[in-house]
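Taken straight from Swiss-Prot:
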DISULFID  Cys17-Cys58  disulfide bond
DISULFID  Cys85-Cys107  disulfide bond
DISULFID  Cys154-Cys180  disulfide bond
DISULFID  Cys207-Cys229  disulfide bond
DISULFID  Cys442-Cys498  disulfide bond
DOMAIN    25-146  domain 'CUB 1'
CARBOHYD  Asn29  N-linked glycosylation site
CARBOHYD  Asn57  N-linked glycosylation site
CARBOHYD  Asn67  N-linked glycosylation site
CARBOHYD  Asn394  N-linked glycosylation site
CARBOHYD  Asn419  N-linked glycosylation site
SIGNAL    1-24  signal peptide
TOPO_DOM  590-607  topological domain 'Cytoplasmic'
TRANSMEM  569-589  transmembrane segment
Amino acid sequence: MELVRRLMPLTLLILSCLAELTMAEAEGNASCTVSLGGANMAETHKAMILQLNPSENCTWTIERPENKSIRIIFSYVQLDPDGSCESENIKVFDGTSSNGPLLGQVCSKNDYVPVFESSSSTLTFQIVTDSARIQRTVFVFYYFFSPNISIPNCGGYLDTLEGSFTSPNYPKPHPELAYCVWHIQVEKDYKIKLNFKEIFLEIDKQCKFDFLAIYDGPSTNSGLIGQVCGRVTPTFESSSNSLTVVLSTDYANSYRGFSASYTSIYAENINTTSLTCSSDRMRVIISKSYLEAFNSNGNNLQLKDPTCRPKLSNVVEFSVPLNGCGTIRKVEDQSITYTNIITFSASSTSEVITRQKQLQIIVKCEMGHNSTVEIIYITEDDVIQSQNALGKYNTSMALFESNSFEKTILESPYYVDLNQTLFVQVSLHTSDPNLVVFLDTCRASPTSDFASPTYDLIKSGCSRDETCKVYPLFGHYGRFQFNAFKFLRSMSSVYLQCKVLICDSSDHQSRCNQGCVSRSKRDISSYKWKTDSIIGPIRLKRDRSASGNSGFQHETHAEETPNQPFNSVHLFSFMVLALNVVTVATITVRHFVNQRADYKYQKLQNY
């Protein structure tokens, strides 16, 4: 009885601990101690399905002892549809804790596939749920990647009225761990019709693994039209003149990928005729209702070159190249103009007289100051109508890997070593072969608005930096190189801006052919065709590594919260339970030993 009396308090304590653990399990709080990979150098990716419970608050940190970035994708998110973004969400932070910069937030109201990228080798995400008792499922997939390594043909910019593109390696298996973004943008007043000729991606009901995401606008924040995978051939139509397509793949089951094409559909209703000028063509839109007065549906309309035919849809559309279809190019008073004529004459039973209206549409594009001026003349029985509009030159600037200017660098931001040679090219996108690009001024700035401070690399066509080399005139391309530098006062980014002149290549007296000219001699005010391009940011590699953690990265862990069933209180309970078991066992053994003391071994006396 004495033994029972002594053991009773310990027994009650053990039962109390067990009851506490049983109650915690009955409440259904999910464990936040999911083991995320990353500390192991051999592990480059991880996927997991999280089954979340009410009143959850969990935080995970992904780390890797290597200078790589992390891309995390939430390809399937099922949260409380009635919950607010404040009470139930997923937050992603750049760094080792939730105190780092917020990369973004995910909730049930989001209309996109959430994808986030860290600036260094650490990333943290936190999941908070409300008290509603519903099913919640989140598929999380992340992997480590090097921003300075790109996959060929993975994404790009498409700006023609029609075109096609495919997944990398198509029709061979697509690459693993790929994230490709294609931006499609056509001229104003058009919509985009996207048609997938083939899609062969991993089949999954929720498209969690390999998928295509189509967005109705210029970015992945524009609104999701569809997320597809498997073996389907869907068609999508934008509501504006831009569309974004994303391909995301995981680490297994690579198939053929996809093949897609797109066309443009004129979206606006017009009463007569409109004209749009770009760097390589004139685009004329004629209303079919306007042509009804001529008993025509557009089939009898033609340019100066009758072999150039219009495209017939809900409107009649002419795409007139600046160097074809009979377009006349003229240089006068430091100005370049392009002119063509659209004519129509109804068939007549007599070769002498006609009682039908005659139609002649004169279209003219004039290159102006940092823009193109569009003029259209319509003559109908000696009545002339005119319309004016404004556009801009189509120029772009890019970095290249070498002085061969063959392989473009697509990373942004682009991380470089101090004093590394950078190769820059400004391109004029036009079909006119008789134009040449001249680099007038190029400068650098630590900010994208080019406020103070700025640093001149090229001015008046002359190199202002000892490492800067300007290449000779080369058609539609202006090229130069310089060595990477950093602005003082810890400004990590560098942006480049170039102002260029566009000249007639046959004019040997043009400013472009004069090369480097001192300020007192230069005069470009009369030049109407000039424009500028911007690229950036460029950052030093040491700035990138400094933003991450130094030293050995510890194992990925979960922060402890009050809602975790295996928090410090429960851990302490387990320790008490184990200690009590050991104590009970010790007392029991000692009790039985004391009861049989006569069988003890005794030390023999020495003789």
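Start at 1 and count along the chain as shown; that gives each residue its number.
Cβ atoms here come from the backbone N, Cα and C positions, even for glycine.
Of all the disulfide-bonded residues listed here (Cys58, Cys154, Cys207, Cys229), it is Cys154 whose C-beta has the fewest other C-beta atoms within 10 angstroms. It is Cys442 that, of the disulfide-bonded residues Cys85, Cys442, Cys498, has its Cβ surrounded by the most other Cβ atoms within 10 Å. Cys498 (disulfide bond) sits 14 Å from Asn394 (N-linked glycosylation site), taking the C-alpha atoms as the reference points. When the recorded positions Asn57, Cys58, Asn67, Cys85, Cys107 are compared by Cα distance to Cys180 (disulfide bond), the shortest distance belongs to Asn67. Most Cβ neighbours within 10 Å among the disulfide-bonded residues Cys107, Cys180: this distinction goes to Cys180. Look at the domain 'CUB 1' (25-146): DSSP puts its residues at 3 helix, 55 strand, 64 coil. Cys58 (disulfide bond) and Cys107 (disulfide bond) have their C-alpha atoms 15 Å apart, to the nearest angstrom.
For Asn394 (N-linked glycosylation site), the same-chain residues that are 6 or more apart in sequence and have a Cβ closer than 8 Å to its Cβ are Asp159, Ser278, Ser279, Asp280, Leu428, His429, Thr430.
For the glycosylation sites Asn67, Asn419, the largest tally of other C-beta atoms within 10 A is found at Asn67. Take the CB of Asn57 (N-linked glycosylation site) and look out to 10 A: across all protein chains shown you find 15 other CB atoms. Put simply, of the recorded positions Asn67, Cys154, Cys207, the one whose Cα is nearest the Cα of Cys85 (disulfide bond) is Cys207. Per Cα geometry, Asn57 is the residue among the recorded positions Asn57, Asn67, Cys229 nearest to Cys107 (disulfide bond).
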